[in-house]
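Enquirer: Take this structure first; my questions come after.
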Ligand SMILES: Cc1cc2nc3c(=O)[nH]c(=O)nc-3n(C[C@H](O)[C@H](O)[C@H](O)COP(=O)(O)OP(=O)(O)OC[C@H]3O[C@@H](n4cnc5c(N)ncnc54)[C@H](O)[C@@H]3O)c2cc1C
Ligand SMILES: NC(=O)c1ccc[n+]([C@@H]2O[C@H](COP(=O)([O-])OP(=O)(O)OC[C@H]3O[C@@H](n4cnc5c(N)ncnc54)[C@H](O)[C@@H]3O)[C@@H](O)[C@H]2O)c1
């Protein structure tokens, strides 16, 4: 058995969260070992946010060009997937090569190990034959993988996950999408706009079921207008593949397609991490953390596996907290003062995955000297990048009522706003505000429509800072913007 090698910190999983933590701790002068079994940067830059948003950008350009006919003359649109596939290879993923990201980490002074890391007792991580003993702590950032439902026959078919959908070079004629959540809807609309016949099969009664019912309705209407068939409340009983086509068998009838994309949620694989060696229950769905991302003594977690929201901005937000807390911990261990002079923030995108780290570092929270920030998810924003975009923050109406809040709701239809009316085709959307009438503040909001994710920013500030509604009502909203509809929704609160 190899003697453990003593280092300051070991980071297992260099996805969005782990890469940020490892890089910043290395920059701060700690000896950091970063372990990644696949690609440094994780899901977001290679098979998630970035390539999917490139696909959406292209699909939206087609849709906007088609709107010329209603607004500005005549346009003939001939979709071609080749430039999209090329851009994903050349600009986003370096054809799924993480050399730039690895170099960026080692350039910061980190030590990179390719392999699967696993806890091996308190303070210890094993990767292959190597064992590291972490002086200050271990950070787990191992993310999630697709959760594949136990539908009869499915496992024996060559179904797609988001990986194959992002890597596709030649589009199929038809596509079945199992799951009408964020990934399913975004990709369904993209492929439909490129001419693929798409059917979405969703088990719940509505698509995008975690958001407001009005958001589900808006998304479904928009996708149907793009030719997508949406079947909700469908429990797939069996899946078969005859060598050419897939069939999803359900009580209401069968549906077929050339390809089947399974996007039915994500799952953390805690059982692979050796958590039992530090007395943490590995049978949980996610790894619970406290407000400083502690799992147990000397172990922190960051990103999707914490179950606080599977979003890159959550991973980056948590990473800033972990960095501050680990540095604080290491200073204390060396007998130094409490949290003072935390690591400086370095952006500087120089390669594929840095598009995430670089951009987010610049906006990430750092600890003020003397304090370690604590996680607060009250104003968690999320945006589903369909067209129209569906942005939301904080609580939905139902969540607020379930918490016993004295709820007021303010609603306005974007099409009747000045900007919506001017915009005309492609103007569907709304603002919905959820207020705590007793406190006089907003606790949640949805902003759906053209640039709905951008309009959301004002509402995120309102919820995050608990800006009194009386003040929001007496702000000046520029005319004629989409965000001016917030004023109408505030007026409608009742
Ligand atoms: C199609 C798609 C679109 C998305 N779009 C958006 C979006 O627009 N906006 C947004 O905010 N979020 C989006 N997301 C979610 C976003 O990608 C994730 O929230 C983010 O990647 C989470 O980062 P993470 O570091 O927690 O995990 P991951 O990015 O999953 O990284 C975890 C890493 O750990 C590695 N690993 C796992 N186990 C081990 C081990 N034992 N040893 C070593 N390495 C290990 C994995 O190989 C992986 O590289 C999207 C996701 C998908 C799939
Ligand atoms: N724009 C973004 O920020 C963005 C985009 C994509 C993904 N993401 C993140 O990635 C996560 C995973 O996305 P996702 O779409 O896979 O998950 P999801 O949880 O958002 O949606 C999964 C959907 O699949 C349905 N489903 C589950 N089992 C099913 C079955 N057997 N048959 C049919 N439908 C079934 C669920 O009811 C749900 O509607 C999201 O939660 C989100 O946090 C974010």
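Cβ coordinates come from backbone N, Cα and C, glycine included.
As annotated by TrEMBL, domain 'FAD/NAD(P)-binding' applies to 8-319. Taken from TrEMBL, the feature disulfide bond applies to 44-49. Taken from TrEMBL, the feature FAD binding site applies to 53, 117, 304. The NAD(+) binding site annotation in TrEMBL covers 179, 180, 181, 182, 183, 184, 185, 186, 202, 265. Positions annotated as domain 'Pyridine nucleotide-disulphide oxidoreductase dimerisation' by TrEMBL: 381-489.
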Enquirer: Centre the Cβ atoms of 179, 180, 181, 182, 183, 184, 185, 186, 202, 265, go out 8 Å, and tell me which other residues of that chain have a Cβ in range of the NAD(+) site.
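Expert: Going along the sequence, the neighbours appear as 177, 188, 200, 207, 208, 263, 264.
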Enquirer: Are there residues of the same chain, six or more positions away from residue 53 (FAD binding site), whose CB falls under 8 angstroms from its CB, and which are they?
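Expert: Result: 385.
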Enquirer: Including all protein chains displayed, how many Cβ atoms other than that of residue 181 (NAD(+) binding site) lie within 10 Å of its Cβ?
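Expert: Result for residue 181 (NAD(+) binding site): 21 other Cβ atoms within 10 Å.
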Enquirer: By CA-CA distance, flag whichever of 117, 202, 304 among the binding-site residues is nearest to residue 44 (disulfide bond).
Expert: 304
Enquirer: How far is it from residue 179 (NAD(+) binding site) to residue 49 (disulfide bond), counting Cα to Cα, in Å?
Expert: 18
Enquirer: Using a 10 Å cut-off on Cβ-Cβ distances across all protein chains shown, tell me which of the binding-site residues (202, 304) has the largest neighbour count.
Expert: 304
Enquirer: Is it possible to get the count of other C-beta atoms within 10 angstroms of the C-beta of residue 117 (FAD binding site)?
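Expert: Looking across every protein chain shown, the total is 28.
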Enquirer: Under DSSP, the domain 'Pyridine nucleotide-disulphide oxidoreductase dimerisation' (381-489) has how many residues in helix, strand and coil?
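Expert: Computed counts for the domain 'Pyridine nucleotide-disulphide oxidoreductase dimerisation' (381-489) are 38 helix, 33 strand, 38 coil.
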Enquirer: Of the recorded positions 49, 185, 202, which sits closest to residue 117 (FAD binding site) by Cα distance?
Expert: 49
Enquirer: Quick one: which of the binding-site residues (179, 181, 185, 202, 304) have their CB closer than 6 Å to ligand 1?
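Expert: Cβ under 6 Å from ligand 1: 304.
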Enquirer: What is the total of other Cβ atoms whose distance to the Cβ of residue 44 (disulfide bond) is within 10 Å?
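Expert: There are 28 such Cβ atoms around residue 44 (disulfide bond).
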